[in-house]
Amino acid sequence: MNREDRRSISRQYFSDERLAEHHFRSFNAFLGRGMQEVVDEKETIDTDIGDKEGEEPVYVELGDVRVVTPRVREADGSEELLYPQEARLRNITYSAPVFMEMSIVRGGEEEEEVVVDSTETKVGRMPIMVGSERCNISGFDHDELVEIGEDPVDPGGYFIVNGSERVLMTSEDLAPNKILAEYDTKYGDEIQVAKTFSQRRGYRALVLCERGRDGLLEVSFPSVSGSVNFVTLVRALGLESDEEIVHRVSDDPEIVKFMLENLEEADVQTTEEAIETLGKRVASGQGKNYQLKRANYVIDRYLLPHLHEEGVEEEEVRINKAFYLCRMAEACFELALQRREADDKDHYANKRLKVSGDLMKDLFRTALNKLARDVKYQLERANMRNRNLTVNTVVRSDVLTERLEHPIATGNWVGGRSGVSQLVDRTDYMGVLSHLRRLRSPLSRSQPHFEARDLHATQWGRICPSETPEGPNCGLVKNFAQAMELSQNVEDEQALKRELASMGVEGMPGLEGVEPTTADD
Amino acid sequence: MSKSQATGCPECDGRLRTNSSETVCASCGLVVAADHIDHGPEWRSFADDDTNPERTGAPLTRSRHDRGLSTEIGRSSRIKGRKRRRLARMRRQHNRARISSKRERNQVYAFTEIRRLTGALSLPDRVRDHACSLLRSAQNENLLRGRSLEGFSSACVYAACRVAGVSRTVDEVLAVSRATENEHGAAYDALNRDLGLPVGPISPTEYVPRFASELDLASSVERRARELAAESHDSGLAAGRNPSGVAAACLYTAARELDVKLTQKEAADVAGVTPVTLRSTYYDLRD
């Protein structure tokens, strides 16, 4: 390519629209489908109405969610479109009303289910990113922008809350749902560990598979204190026979030897026994029935939640979990036999970036849960006082608004992270550009973390090798390279899988012609 | 800072030297006092310092039964087992102890209801606070006995709107309220009679901007309608008429004058009156 062409490409990369492109794409995806996904996950709001004798149960069904463009409600009740500059000058929030379809349904016990009331109601206000597709200035040309008092070269990509401009810091997290094998030390011995951050619908669970000094495998996951024997857990998941377990881990003779050691030490032989043993661990001192119930619940809820998928049977999910654990075991053994090296946590293939849309999705999820709890309370209250149950009178719109605005205004995000939103650096124009393209590692800046701060070869073309602050944040705060392209996750995972299956990939769970093998990313 | 600064080093009686962080003896090097107060820049904005002297904490508010002075026992994922269960019990007791009497419980319920109403009607915070203090005075006057809390909540919001000069129609308030029309009326009468609300007849100008934006009219129409409404109010034309009907008629007249399409039915529907009411005012306005 000749020099002129290169130059014009380079110029395109640094044009106004490209500078905060990653913010727009992410936030637009959140508005377009992320919000609806969160609402669909929630699906219904159940209430305690109907627990009493002779009372019909009541629940709320959540439907389509809709966001309009930012507008302001004046004290006299008139509503007008709001432009960013007005929001900045009047110290108000640049946010748009959110509407949701809700229907209150009563019945199901003795009477038939009846929809008591069904309307689309305003559930709150969503802060809107300046320049995103729901922003009032999107699509404006230079003159129109000047007309409404907006800076025509302003890149956008930030929110305006109470008049102050806040940018959401992109954060760099370890890739979820991926097996990472590494060495660790326990009581002075080197052991091999396979780790997975299993993530589904905002719930994140760390699953560890350790090969101890004695060569025995142990698994630990949330809600079980300490660790569980690998063979016990796999048997509890329905992988029963010795042969099958060994075969699922590996066919390598050395690994088979290791596996046989494990099987010899196993104290349970059948699935029932295994679940009983697990029950004793998760609910010790409780009744036997409860122990079994609890063990099943823990397996389905806390162990590797990312393997639950739409259209996959519970039975199949369990066996998939067993296969996945076997893969983790294999990774441990391979590491012990030096067949592979420990995974590099700083490799950029093992990183995922959380951009504004992902952060807003987390926020919206907790805000919606809070709203749901409030609706439940209001419904129960209204029912107790013998009022008519209508959608309009049980939704408090300030609950959601508050939960969305407050974290953006203060930077105290859900999950205890702080400093997620920052005041846009308006020292000069370059400051704004740099700030919008900054990313932050969640690692503590008070610890050395030398490797994490080092420049990694895989950052080539993605992260600027020189722009990083001096001092404690050195190497933890990074900036995007000029020609960086940020890819997004697929819109429809099911469609992707079907496509892959049509190209000859076999054994994906939830698709026809299933010959189950482990699902890996 | 310690007193030793004036007297000299306690060990050798040497001269003390103070820099930004500590007080050190110049001769023996003993650190006499370390200053724990950080004199560095404070990590907050001083933009509103002269208007708001507060340094910490949430502001006091009249819209909560405890004026916003409540405490809460927080949660931590680090505490486990017995201690966690104990904290959960403490939290429950603490929450129960927050409300001590039936009266307070009613207040909490009514305040939540007022919050919901003001949120649904997008009213400013000062209206909400005023509504809450109206309810508080009503409770002090024992007006609530035998009347419904829902009615009082919506009546307080309605009254606060009128006092603040941002009137809403009764229908608008009732549309989002849990109260029936009768409950609302009874409560508002009681408020008006016993508290002596400083309210006069509603000026139709208060309704014009809201109806205009609901009808999606241009600001020129709204401005003209506002003029007409002010005139009709001053000339006594609006006296004895339903102010929302007058507002609708003003909008309709303004639209006619400026050749904007607007039917009598549309204008009347937004105001919640019949086209007949609108028409009679329209004829008078035209003359």
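Using the three backbone atoms N, Cα and C, a Cβ is placed for every residue, glycine included.
Since this is a predicted model, take the numbers as computed values, not measurements.
Look at TrEMBL and you will find B:Cys9, B:Cys12, B:Cys25, B:Cys28 tagged as Zn(2+) binding site. Summarising the annotation, TrEMBL assigns compositional bias 'Basic residues' to B:77-100. The domain 'Cyclin-like' feature in TrEMBL is assigned to B:112-193, B:206-287. For B:44-102, the entry in TrEMBL reads region 'Disordered'. Residues or ranges marked as repeat '1' in TrEMBL: B:112-195. For B:206-287, the entry in TrEMBL reads repeat '2'.
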Message: To see if you understand the setup: which same-chain residues, six or more apart in sequence, place their Cβ under 8 Å from that of B:Cys12 (Zn(2+) binding site)?
response: B:Cys25, B:Ser27, B:Cys28, B:Leu30
- prompt: For B:Cys9 (Zn(2+) binding site), which residues of its chain lie six or more apart in sequence with Cβ-Cβ distance below 8 Å?
  reply: B:Arg15, B:Leu16, B:Cys25, B:Ser27, B:Cys28, B:Leu30, B:Val32
Task: Count the other Cβ atoms sitting within 10 Å of the Cβ of B:Cys25 (Zn(2+) binding site), across every protein chain shown.
output: 20
- prompt: With a radius of 8 angstroms around the mean position of the C-beta atoms of B:Cys9, B:Cys12, B:Cys25, B:Cys28, what other residues of the same chain does the Zn(2+) site pick up?
  reply: B:Gly8, B:Pro10, B:Glu11, B:Asp13, B:Gly14, B:Leu16, B:Ala26, B:Ser27, B:Gly29, B:Leu30
Message: Quick test of the contact rule: Cβ under 8 Å, at least six residues beyond the ends. What residues does that give for the compositional bias 'Basic residues' (B:77-100)?
response: 65-66, 70-71, 108
- line: Row B:Cys28 (Zn(2+) binding site), column other C-beta within 10 angstroms, all chains, value 11
- line: Helix, strand and coil residue totals from DSSP for the repeat '1' (B:112-195) stand at 62 helix, 0 strand, 22 coil
Message: Looking only at the repeat '2' (B:206-287), how are its residues distributed among DSSP helix, strand and coil?
response: 60 helix, 0 strand, 22 coil
Query: Averaged over the domain 'Cyclin-like' (B:112-193), what pLDDT does the prediction give?
result: 88
- line: B:Cys25 (Zn(2+) binding site) falls, by DSSP collapsed to helix, strand or coil, into strand
